[in-house]
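Features reported for this protein in Swiss-Prot:
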- 143: active site, N6-AMP-lysine intermediate (ACT_SITE)
- 63, 64, 65, 66, 67, 105, 106, 159, 190, 302: NAD(+) binding site (BINDING)
- 390, 393, 406, 412: Zn(2+) binding site (BINDING)
- 570-648: domain 'BRCT' (DOMAIN)
C-alpha cells in the first residue's frame, strides 16, 4: 500500500470546504481504499472532500470507488441533503446566479440487469398513460467526462447545485468555441478536450484532462498550453443537444445491448465515462418527473474498468529520436480485457521516481475496452534506480523538467538511427530504407541523412549489400529527390519537436523554407495556433537541424511550394477555410492529387473525420459505417461528382 498525502493545491481546495475533519484519517482511508475505520460523519466528510477535489481538477480516487462509498452512505442516510441534492462545486469562479433551467445529476447503473429494471419503470409509466409500449423509444448518447456548464447564448454558467451556478463566460472570451463551430445558446453541455490531443501534447504537463477543464474557467491566468489547445479547437464546449446518438425501440436495444453501447461509447473524440439512456416521449418524462437530484426518465450506464495488480520485473530505458529516454515497465505477463499484457510505458522518469516504479513494485494496471493499458497507481512502491547513462550511446543523461534526456544529438545511435527512419518514413517515397537497412547502415557509421544520399552503389556493396540490392538502393535515393514532394512534408521529415505535418504546413503558409529558419520566437508566436511555448521549441529545434537541413535541401529535391495565406485568402473558392477529408477510390485521378488540388483552393485536408470536418468526399468502396459516423458528427458527405460540381 502506497501512503497517500494531500498536496498543497488539494489542501487549499479542502480549506474552502470548512469541514471539521481529521485529514490524517482521510489520507489513511484513501490509501487503504477502505472506509471501515471511519464514522458516518467522517465518511460524509470524505465524500465531500473527494467530490470537491474531483470537481476542482484533482481527483484522488476512482469513480467506482467514490460511487461505492456514496452508496454505503446513501443506504444508511437516504434522506440526507448530500444524497438528495446535486453535488455542488467548490471552486469560487464568479458571481452565483440562477440557472436558466435546472441541471440535475444522473442516476447510475453498472449492469444490464439494472438497465432492465429502469426500463420496467419506463414501461410501467407508459402503461399508466395508456401508451403502446411498442412505440417507446430510447435515446442513447455518450456521457462526456468533462466540466458541466450551461450556455444560454449570452453567458456560460457552471452547474453549481443544479439550480444556481457561477458565471464563467470568461471561457468564451478566452477563445473557447462550441463544437463544430455550432451556434451559441444550445443549453447544457460540457467543456471537454480531445483525447488524442491531450495524450500527444499535454499529458506530460498535466496529470489528467480535468486539470485542463478546470483551468479554462478559472479566474487566474491560463497556462499557454491550454490557450493553445483552445486555439487549435482541441478544447471545446460540447452541448448535449448535438451529441451523436442511437435512438430506437427498447426491444432492439436489449437485443443488441453490448453492440449499441460500444457504438455510442466510441462515437466521440473526448473522454467518456459511460452513456446516457433516456425516454424520448415527453409524456413519459412529465409523468415520471424527477427527485431533487435525478430525472427518473434518464439513467447513466457505466462500465467498470478492468484492473489487475501486477509485479514489475524491470524498467527498461529507451532513447527516442528526440533524445528523451522513455521508461518501459516490464511486467509479469497478465491477461486483462482479453489481452496478455507484459509491458506498459510510463510517461517519464519523474513518474518512476515519485511513484516508486521499479523491480518488485506492485502496480495496478487498468484497461478500458481496447484502450492501451496504463499504470493507474502503485500499490507497493520500491526505491527505483534512475539510469545515469543513455542506453544507446552511454552519454550521461540530463534532467529536463520531468524527463531524462540524452544530450548527444549528433552521435547517439538511437537518435541518429530513429531520425533516419523518421525521415524516410515521412517522405514515403522510398521503400528500400526501412528500419532494418537503416540499422545496418547506421551500425557501419552512416549517421546523417546527407551521408545516406552521398553513398554510391559500390559503397552499399562494401557495407554488405548484394550488387543488385546496392544498385536498387542507390536508384531509389536518386528517385526520391526527383519525385515531387510537398515542402511541408519535407520539413516535417526532420523530426523537429512541435513540427508535425500540420504545423509545418501552417508555417509555410507564411514563410518560405529559407525564411522560416530566420523567424524569431515573436514572429511565430504571433501566428494563429502557435503559443509562445511552441514557438520557443520550434525556433530551438530549427536551429539544431539547420546545418543538416540545408545540406539535404541543397541536394535539389523536387519540392512543391505551399500556397501562402495571403494568396489563399484572396481566392473566391467554396473550399477556402473548409476542412475536407477524402476516402475511398476516386475515378477522376489519384486521391493524393485531389488532396493537393483542394489545398490549392484554400482547403485544409484532414486524414480522418472529426467534429471539425466540413466535407467527407466519398469515392468507391466506402463502408456504410464510415458514412454514418461522419453524418452523426454533423459532417456533410459528398460523392466524388458532387465534390467536382462544388468546385467547378
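In case you wondered, yes, glycine gets a Cβ from its N, Cα and C as well.
Within the set of binding-site residues 67, 106, 393, 412, the entry lying nearest in space to the residue listed as 'active site, N6-AMP-lysine intermediate' is 106 (CA atoms). Within 8 A of the CB centroid of the Zn(2+) site residues 390, 393, 406, 412, the other residues of that chain are 319, 323, 391, 392, 394, 395, 397, 407, 408, 411, 413, 414, 415. Per-residue confidence over the domain 'BRCT' (570-648) averages out at a pLDDT of 83.
In terms of local Cβ density within 10 Å, 412 ranks first among the binding-site residues 65, 393, 412.
Mapped onto three states, the DSSP output places residue 190 (NAD(+) binding site) in strand.
Here the Cα atom of residue 106 (NAD(+) binding site) is found 51 Å from that of residue 390 (Zn(2+) binding site). A gap of 50 Å separates the Cα atoms of residue 67 (NAD(+) binding site) and residue 412 (Zn(2+) binding site). Secondary structure from DSSP puts residue 106 (NAD(+) binding site) in coil. Ranking the binding-site residues 390, 393, 412 by Cα distance from residue 63 (NAD(+) binding site) puts 390 first. In the shown protein chains, 16 other C-beta atoms lie within 10 A of the C-beta of residue 63 (NAD(+) binding site).
Broken down with DSSP, the domain 'BRCT' (570-648) shows 27 helix, 17 strand, 35 coil. For residue 406 (Zn(2+) binding site), the same-chain residues 6+ apart in sequence whose C-beta sits under 8 angstroms from its C-beta are 319, 323, 325, 390, 392, 393, 395, 397, 398, 412, 414, 415.
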